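Asker: Take this structure first; my questions come after.
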Amino acid sequence: GLWGTRQTEDTQTDRELYIRTTIRELVIYVFFIATLCILTFGMTSSTHYYYTKVMQELFVDAQFPDTKNTFKGMTTMQDYWRFSEGPLMDGLYWETWYNQQNVSEDDLGYIYYENKLLGVPRIRQLKVRNGSCEVHPDFQEEITACYDSYSQKKDVSPFGPENGTAWVYHTEEELAGSSHWGLLDYTYSGGGYYEDLSDTKAKSLAQIKHLKENLWLDRGTRVVLVDFTVYNANINLFCVIRLVVEFPATGGAVPSYQFRTVKLLRYVTTYDYFLMACEVLYMLFILYYIVEEVLEIRKNKCSYFKSVWNCLDVLVILLSIVAFSFNIYRTITVDNLLTSLLDQPLTYPDFEFLGFWQMQYNNMVAIVVFFAWIKIFKYIRLGRFNRTMTQLQSTLSRCSKDIAGFAVMFFIIFLAYAQLGYLVFGTQVKDFSTFQESIFTQFRIILGDFDFHALEAANRVLGPIFFLTYVFFVFFVLLNMFLAIINDTYSEVKAEISMQKSEFEISDYIKRGYNKVLEKLSLKKDRIRDIQDAIHSADLNHDRHLDWEEWRLDLKMRGIPDAEIEAVFAKYDQDGDMILNENEQKKLQADLERQRVWLTNELDEMERDKSGAATPGGRPASARSKGANFVSRDDFQLLSRRVDRMEHSIGAIVSKIDAVIVKLEAMER
């Protein structure tokens, strides 16, 4: 049926049905993955990268006016205020042209004169309160203030000279904000103290100056976030920007940033509507596969989930449904957000939450594409590559216990070195600053990506010892043991598979269909030759006129069916007198000759293709003619093994017969 698969059809005993079902599944899947690729690659382009690069260079790489420092090199609170009064204001507000002429009212609010700043930017900070940590008793008289790292003990009390939004705490629910995972591994809430800037540079500078003069940032500040969104109508892309500066309890500043270039307005151009059609087609494919998987689960019950390929099918379907649901949600949310922004153009529009989930949507689609391509192996392993896939699968499954046992020893040594590196070098070397960093650094050492001089500078004795012993034991010994286990198992599996009989494969099925087509063309060519002969032999009275009875009797004797005889005669008997005159016979002969020549060329070409495919290495024609009875190496080895077994069996039979003869002779005596 339409949803028939190898798991719903009875393909265990019928190998040909198994192959036909596989081919049908593969053809449907090829259309499915083609639709998926058109859909996913149509969502992104190199323009996304260049848009991100332009925005990043403007805000992150721009130098401060009084120093050569940039946002990336920020180390103090003073650097933050330099950035806010310099590159941030210059990047947000383009109020003059390059010749210092003021831009028109309609062109205000555009970055690079092309990117519309949506609403106004927002500056937000989170603080911790004084007394959030304990001072050691020996220092309590001299140190009276203590501000802990960011935690749930954040400061929510009002401060400063007035009760504006910048001085009063607002919860995440009040701001409808979203949390942020910082570079220092803290998750900052979506609430805090915030200030919405203005739509002009002068007013925004005055706000920044007011915050600076009234010490808006102090010892309790742990993070400052600058959020804004720009839209480029030329390329229909949004860039959701978040600039983050964390102020750890150690002092100093740790800057980071996020530039999320996303396409939130999906359907604008003709090509966008074509992609929408592909989305509809893709969901029809998903519905088709849902029905298919339900039928397979109903037939196979719990055993269905024992197959990795079946679990992969379910995963792709679930991710596709989630992605499609978010697609609908995103479209509705963007429309509502833009409508609200148009009604109140001087408010802050929070695209951060939407930009974050759009990126997760893109990541989800990328994972779906990855698994969809991996699933192709489900069909490849059933074709000519069946033996190769079987070798790989059997090798991994057979050596899995050995690898698992050896992996325990490997990771004991690996994690021991990770802890040693973290404890010895963690205070001085960035690559060992956390235990997780130590683990990744050790993987990098295996790949050759490592800074040895940093280790040596941190500890001139233990650094070289750590490096040399790790490389020796892990790289030269343990990893090569892994390879040895896999290599030995592969050799065993390969030897066993070579003893097995070859199964009927897709290539054999296609080859048989090819031969059937070849036979039909040859038969048609012979039939044309019979009709050509009949034109001459059926005219018994030699009057150059061929009547119906003469034509039918002659072709009937040549084994041609009545229906075909009548069809050909009626086609060329234009006057309907049941006689083919000389002109009608010439036309018939000309058409037959054209068909004969065409069939001859087709047969010759197919024979050449067939002999070329059967002859490896493109051997010359002379070699092919001599190798008409050529046998492949695998078939030859298989036949040789069968002959050896047969000789061994015959030898045993002969020995038994000799023993019987000896006993009979003894009985006769």
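Including glycine, each Cβ sits where the backbone N, Cα and C put it.
TrEMBL entries are annotated by machine, without manual review.
Values in this document were obtained by computation on a predicted structure and should not be read as measured data.
As listed in TrEMBL for this protein:
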TRANSMEM  26-51  transmembrane segment
DISULFID  CYS133-CYS146  disulfide bond
TRANSMEM  273-291  transmembrane segment
TRANSMEM  312-332  transmembrane segment
TRANSMEM  364-382  transmembrane segment
TRANSMEM  403-425  transmembrane segment
TRANSMEM  465-486  transmembrane segment
DOMAIN    526-561  domain 'EF-hand'
BINDING   ASP573, ASP575, ASP577, GLU584  Ca(2+) binding site
REGION    607-628  region 'Disordered'
Asker: I'd like to know which of these disulfide-bonded residues, CYS133, CYS146, is least surrounded, judged by other CB atoms within 10 A.
Answerer: CYS133
Asker: When DSSP is mapped onto helix/strand/coil, what comes out for CYS146 (disulfide bond)?
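Answerer: Its secondary structure by DSSP: coil.
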Asker: In the same chain, which residue numbers or ranges, 6 or more beyond the ends of the transmembrane segment (364-382), come under 8 angstroms Cβ to Cβ?
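Answerer: Residues packing against the transmembrane segment (364-382) from afar: 19, 22, 25-26, 29, 32-33, 36-37, 40, 43, 309, 312-313, 315-316, 319-320, 322-323, 326, 389-390, 393, 505-506.
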Asker: Same-chain Cβ contacts of the transmembrane segment (403-425) under 8 Å, 6 or more residues past its ends?
Answerer: 431-432, 434-435, 437-439, 441-442, 455, 458-459, 462-463, 466, 470, 473-474, 478, 481-482, 485-486
Asker: In which DSSP state, out of helix, strand and coil, do we find CYS133 (disulfide bond)?
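Answerer: Assignment for CYS133 (disulfide bond) reads coil.
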